[in-house]
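The domain 'Pseudouridine synthase I TruA alpha/beta' annotation in TrEMBL covers B:8-105, B:144-246. Feature annotation from TrEMBL assigns active site, nucleophile to B:D52. What TrEMBL lists as substrate binding site is B:Y111.
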Protein chains: 2
Amino acid sequence: MPRFKLTIEYDGRPFMGWQRQAHGPSVQQCLEEAAAAIFGGTPLVYGCGRTDSGVHALGQVAHVDCPKPLSPFRLSEALNARLRPHPIAILEAEQVADDFHARFDCTGRAYRYVIHNRRAPLTLTAGREWRISKPLDETAMADAAAHLVGRHDFTTFRSVHCQAESPVKTLTRLEVERQGDHVVVEADAPSFLHHQIRSITGCLAMVGDGRWKPRDMKAALDSKDRAALGLNAPPDGLYFVRATYE
Amino acid sequence: MPRFKLTIEYDGRPFMGWQRQAHGPSVQQCLEEAAAAIFGGTPLVYGCGRTDSGVHALGQVAHVDCPKPLSPFRLSEALNARLRPHPIAILEAEQVADDFHARFDCTGRAYRYVIHNRRAPLTLTAGREWRISKPLDETAMADAAAHLVGRHDFTTFRSVHCQAESPVKTLTRLEVERQGDHVVVEADAPSFLHHQIRSITGCLAMVGDGRWKPRDMKAALDSKDRAALGLNAPPDGLYFVRATYE
């Protein structure tokens, strides 16, 4: 049965997150219901990464098997038509090998965290950015971020609910850049721990507003202790940007 | 009584527009109610320009008289606190001369119209952009726009409900630029007619998708006939960006 790779954008606000939940709507459920309306049966949609409740995606990747002879374009059109009015859109569909797996074949994941550094409350971007009113020192944040790049035990930045086998992960990129009123954190890694980026961003914000020095980030990492976490950033500003495949 | 100039950002979706309406919520009403909660009485908030239902603002300007001895910062903080949960924010407040008038003293207004030129439905930016799935030729759109710059009778691009005394207006700037999947229209003028930018953008889109040639825009302008209007763009993509004062 032909397998398709889907590139998906969504607004995370109305959802309990990517993964199917008994207690509320999820992105996966909306996609599987849209697929069922086209294919019949109970199609399964496998995602590259699970995003939390309220976390957004610009380029989430998933795969699904399609029992009907549909072109990639027709499949994405049919899914988008049935996804309405949910804020989920198929940006691209492409046929892939029958053994392609969105999660297990993914070799790189990229996230972005957007901070709006201003005093005024958010209006047009409410729920899609984290507003921090105290002026942030992005240079100090970048210095702190540099301590986390590479292979480390990220226990400090790991949710108690994390299901990963090991707390050791390799951050290939962690950059902080100011863009006017915005401070943007970009993170790349083969894979991440649950809450890893929100935990890191929360601590970067503490460095940015002066409560921590850049070296305190190193100490927090080295302590390998969740209690050393400064702050967990809200889901609002987090975006799943990209998944890479060999 | 000290007069304050307010710079205001809002998401236009929940509102009937800027101006007070009997039949629904307006930005002006929310601001006047917030001011009343601080000052008491029935404060009046005068806006620089009336935006339509669903039209947004990044830098709307208004003025209000404040009977209390508040600093500009305290006034903006107090207003923002009372504007919640409405998606309206005071970005800046400054004390101005007692005879300053946000509308009559304004010498220049700037609007932006944002088109998202892609096939997939909008998710994160739904209600804040106009999605056009057919590929747009931004160069042809820019050529068409050039015909409208300057002093003209804009009857073709004027709502039947327009209350302006004359249909003659001077467009000081009308530019079209592609930014990736987005096509952005920027318009500057001392003042605009009701629906002028939405009417112009609708016709620019017809040029962009090939239904009109750039010269058809000139013919539509010269006809001075509302019936020659190609298309009125939806409010979703329109932003009041800036007001200028001497």
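Each residue, glycine too, has its Cβ placed from N, Cα and C.
Unlike curated entries, TrEMBL annotations are predicted automatically.
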Task: Rounded inter-Cα distance in Å - the residue listed as 'active site, nucleophile', B:Y111 (substrate binding site) - done: 13
Open item on the list: Among the recorded positions B:D52, B:Y111, which residue has the fewest other Cβ atoms within 10 Å of its own Cβ?
Closed with: B:D52
- [ ] On the DSSP side of things, how many residues of the domain 'Pseudouridine synthase I TruA alpha/beta' (B:144-246) fall into helix, strand and coil, could you say?
- [x] 35 helix, 31 strand, 37 coil
Task: B:Y111 (substrate binding site) - helix vs strand vs coil (DSSP) - done: strand
Open item on the list: Going by DSSP, is B:D52 (active site, nucleophile) sitting in a helix, a strand, or coil?
Closed with: strand
Task: DSSP residue counts for the domain 'Pseudouridine synthase I TruA alpha/beta' (B:8-105), split into helix, strand and coil - done: 25 helix, 28 strand, 45 coil
